[in-house]
Amino acid sequence: MPLFYVQGMPIGGVSIMLALVASMGGFIFGYDTGQISDILLMEDFKLRFATCSNPVDHNSCEFSTVRAGLIVSLLSIGTLFGALIGALVADKLGRRRAMVCECCLFVVGVIIQLATFTVWQQVAVGRLISGLAVGALSAAVPMYQAETAPTHLRGTLTATYQLFITLGILVAYCIGIGTRELSGAASWRTLIGLGIIWPVILGVGILFMPESPRWCAAHGKVEAARNSIARTYGIKKGDTANMHFVNSEVDDIVNQIENEKRIKAGWIDCFRPANKTLYRTLLGMALQSFQQLTGANYFFYYGATIFQSVGIQDSFVTQIILGAVNFGCTFGGLYVMQRFGRRRPLIIGGIWQAVWLFVFAAAGTAKDPTENKNIGTLMIVSACLFIFGYAMTWAPGIWILIGETFPTRTRAKQGALATASNWLWNFLIAFFTPFITSAIKFRYGFVFAACNLTAAVVVYFFLYESSDLSLESVDNMYNDPDCKPWTSHRWAPAGYSSRHDLVQQTKAAQSHKPLASGALEEKYIENTSEDTKIAPNGGTKAEYANGAPDAHGYAAGNGHGTPTTAGYATRTENAENGFAH
């Protein structure tokens, strides 16, 4: 049975569970990101792996810029290659089995880190191997969530990936503040070793979730695709009243895949101008790059060190506050991205983030925060307000877009390229931040502020609004020559006057009530193309396509995609018009 309804669509409990379980992939990344900032300051870790003038005094130990950069950033190098490999693995094995394999690989990396005693290179290599798994998961998880989640909850459910990243960061901070008091190697080994728990939860839990229906259909498993969709809607096979939702969505997916199979897709196809494929590849890579260039990881990777430099006595506590702000505000981000779409939050978020980074950098540059308590306080407040905006907009928004912007035929590969660009900049920021901050100090914030403003401009001129649309309709929108990014919020599939009309008709279909516009009541199917209709009497597609009137006397479609007397367009053989068979 459906758990609840959203805009007239049944939603099953499995939809919620698959989002939460798959998002453990984000938790793994967040935990690994959050722990390293604290580990670099732990006494035993410094005595073992830093350069010490007195081998028994941790205060005499310091990490060189290169060594600290490599320990932190080799995870990002692994994620870069993992994201590219992950697309191939996810396409070959399926989204779920790929995640299981990647969880096993992450555990191997953790074990390598735990097994070291005095060799810092082993810690770095372990993080490199774990990074391969994290990168592959970052490609597979958002794609799996976007392909499996019901259309009208896709934004919220995909954004849980980012929510779990922030939760992982916060949990790592909290565990770190506890384990730092442990004696010897237990202080850092406990923090690292607990990281094995999270991939076990994901690897086991994902086996109980449905496979991506689009992957199933692409591999000829149509019945498996039907079962996956039925489970996400909470519809049982005997539920004839709601089964039409499932059948129509399966039909649309199969037809879309059949159209795409006519041209075999390889990596080179991601860079072909036709159907705006190259456009979307470059857009995805740019958006993922800008997510890193917002400057968020400047605080997450080196937060403890930054807050020490502004005169905070216990930087661990301040970092927990920052992590809590990040996690708490991401809940707001789930609402913002679902309620206000994609473009507007990203534009406003980019401007907001730039303002507070400018304040942070200007305050730190004007006066020494270690000598002026008010300046230090202002810098912490501005950092928290920056994270507030980031967690509400750019943090969840980009992962949502990566799952819904690309066509099915090249989605895995384009998603991998976009995610790889994220990890590339992740590495560059992680590795070079120590060098840059030693040279220009807090003026580094001005660089990130400029990047945020640039990102807002890119979103305005190049990103299309994809909220409330199926993945197939998003593809049609990008290929509509009359649709521009700044007008895309008004675009709607054929048969609908507006995006609002699409939503309202979906609600009316479920309630079987006349539309507010006064149009005749018509029962229609909301599916991945949003524009598929059936006759109120439940007539077959063939009967409806032949133009025969139904039991209520409403004229049916003529099979050529032209409007009926009720004002609705019917299915068509022509995929370019955005209709399914």
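Just so you know, glycine gets a Cβ as well, placed from its N, Cα and C.
Curation plays no part in TrEMBL annotations; they are all automatic predictions.
Database features (TrEMBL):
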DOMAIN    18-467  domain 'Major facilitator superfamily (MFS) profile'
TRANSMEM  12-31  transmembrane segment
TRANSMEM  68-90  transmembrane segment
TRANSMEM  99-120  transmembrane segment
TRANSMEM  156-178  transmembrane segment
TRANSMEM  190-209  transmembrane segment
TRANSMEM  316-337  transmembrane segment
TRANSMEM  346-366  transmembrane segment
TRANSMEM  378-402  transmembrane segment
TRANSMEM  423-440  transmembrane segment
TRANSMEM  446-463  transmembrane segment
Spatial neighbours of the transmembrane segment (316-337) far in sequence, C-beta under 8 Å, 6+ residues away: 34, 37-38, 41, 155-156, 159-160, 162-163, 166-167, 169-170, 173-174, 176-177, 180, 299, 303-304, 307, 345, 380, 383-384, 387-388, 390-393, 395-397, 400, 467
Annotated stretches the transmembrane segment (446-463) and the transmembrane segment (346-366) touching (3 or more Cβ pairs under 8 Å): yes
Stretch contact, the transmembrane segment (12-31) with the transmembrane segment (190-209), Cβ-Cβ under 8 Å, 3+ pairs: yes
Cβ pairs under 8 Å between the transmembrane segment (378-402) and the transmembrane segment (156-178), at least three: yes
Contact yes or no, the transmembrane segment (68-90) and the transmembrane segment (190-209), 3+ Cβ pairs under 8 Å, gap 6+: no
Non-local residues, at least 6 beyond the ends, that sit with Cβ under 8 Å of the transmembrane segment (190-209): 14, 17-18, 21-22, 24-25, 27-28, 31-32, 35, 38-39, 96, 99-100, 102-104, 106-107, 110-111, 113-114, 130, 133, 137, 168, 172, 175-176, 179, 182
Rounded mean pLDDT for the residues that make up the domain 'Major facilitator superfamily (MFS) profile' (18-467): 88
